[in-house]
Amino acid sequence: QHTCDFLIGLEMQGCFYLTNTCSKISGNSPKKSYLSFFQEGRDEYDRKYSSFPDALKVKMRGMARDMFYFGYDNYMKFAFPEDELNPIACEGRGPDVLNPSNININDVLGNYSLTLIDALDTLLILGNVTEFHRAVRLVIDTVSFDKDSTVQVFEANIRILGSLISAHILLTDPRNPFGDIALKDYDNELLHMAHDLAVRLLPAFENTSTGIPYPRVNLKKGVPPDSINETCTAGAGSLLVEFGILSRLIGDSTFEWVARRAVKALWNLRSNETGLLGNVVNIQTGQWVGRQSGLGAGMDSFYEYLLKSYILFGEKEDNRMFSAAYESIQSHLRRGREACNEGEGDPPLYVNVNMFNGQIMNTWIDSLQAFFPGLQVLNGDVENAICLHAFYYAIWKRFGALPERYNWQLQAPDILFYPLRPELVESTYLLYQATKNPFYLHVGMDILESLEKNAKVRCGYATLHHVVDKSKEDRMESFFLSETCKYLYLLFDEDNPLHKSESKYIFTTEGHIVPVDQRFREKSWEDQFPFLLSFTKICLGCERIPEERRYSLPLKSIYMRQIDHMVGLS
């Protein structure tokens, strides 16, 4: 079967029905390199995707740049200092203070100029040093985390903490990969802000029997008294990259340790039979409340951060966990034929199964799963990444967007909205970097033109409420600027300093760039006793942290509990 035929078939059908067993490939079927995946074409479909003129690449790069600035400039004009832009009404959006239970809004919005912070390194990627400096100054001068805001720990970590750390690293990198971007009189303020925020998130790790954190924390008061004891695997297990970098930048193991403890606690709860984890766990009992195991919502970034933590920190245990998890995924979640692009049976897909027995639990996949081809690229499994990416692109071709859930048995959306998510664009970008095949430039152009046609409104880009009729919701989430626009721009900007720099970078799960740097593979604390630190270390930049937050009871309790534990061991 030729790949072009495969793509045409998916585009015509929308999807396909998957069997529960993997089909065996013919013993006479020769193994082809993934490089043949888009080559040897003789039909019109192949000719369409086999080249991408330089002039068109320049045009698309400009279109991606304009898309970012249309959203960013209107946010600054109509919404700042609020968290998000309502692009239809041309006004700002903050937390829903009248309805604290509205977690769809309040988990993300903390009244801390979210969209501006989230977009910092995108400005630098686009080469706008002047606006980058202005934005950094605005953040330093106007943003405070001393807020009576209850936010999701995961969202505050990836969107705010990660961006502050990334921007700080870029500002202070002596190698100047983006040119001389030094900011006059910059005194590590972004790092101090990141540290302050991380301290405010620490109470989530206290009073939990397993070490798995509470899902939400009030930035001023700690864990709310009515907080639930259930959290998702991705939310609790995707803090290690940002917390680990912060620990290694300031020489304090606390943040990395609590994040790593949560990862290990989740890992130890995996099924003995399948090696899989569920998607929702009770942080006090360690019992799985949600037994669904998949690659999408509730689990996605847990796998992503196992591999990226290993890349960044070089900890062999992270690699061991990721390798074991990847093997379990291939054994129990993957359905379809054994080989990606040859043999009999259905093309491969990853389904949602019961973590304990590997039986299919439902017949849908969600749009967040489109990140997985990009992770497969990082893991060196490019051929499988190509196949899985083609599946999601076929769905995009059908609707001009990815529905939040798609039923692969009914060949129809289960949940119809699309909030401008970046996952398919991210995988497209990473696959282009891995293969340099012009097919992925065509995919990026298709996505870019779809967004321009279907999501652009008066003051920005709006969430699609319905991917079929293209009705809209008045919200532009911060990740549209921090990820979707960034990956689209980088896809068409071959000469970007990020691509030309001798430094290597990874993207956090929110699309923030951090260098793969030797200093992040070193610890300035003693490995044997990482918890017995002077309390003064917590207060790097104490003058910028309110007095009442400097030596919080939860933070002391973490230390004292570990001291007691170490004494007991001795």
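Glycine is no exception: its Cβ is also placed from the backbone N, Cα and C atoms.
Per TrEMBL, these features apply:
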ACT_SITE  GLU155  active site, proton donor
ACT_SITE  ASP300  active site
ACT_SITE  GLU404  active site, proton donor
ACT_SITE  GLU423  active site
BINDING   THR509  Ca(2+) binding site
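Sequence features annotated in TrEMBL and their locations in the structure.
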| residue | record | CB count, 10 Å |
| --- | --- | --- |
| GLU155 | active site, proton donor | 20 |
| ASP300 | active site | 25 |
| GLU404 | active site, proton donor | 21 |
| GLU423 | active site | 25 |
| THR509 | Ca(2+) binding site | 25 |
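When the recorded positions ASP300, GLU404, GLU423, THR509 are compared by Cα distance to GLU155 (active site, proton donor), the shortest distance belongs to THR509. If you measure from the Cα atom of THR509 (Ca(2+) binding site) to that of GLU423 (active site), you get 9 Å.
GLU423 (active site) sits 12 Å from GLU404 (active site, proton donor), taking the C-alpha atoms as the reference points. Taking only the Cα positions, the spacing between GLU404 (active site, proton donor) and ASP300 (active site) is 14 angstrom.
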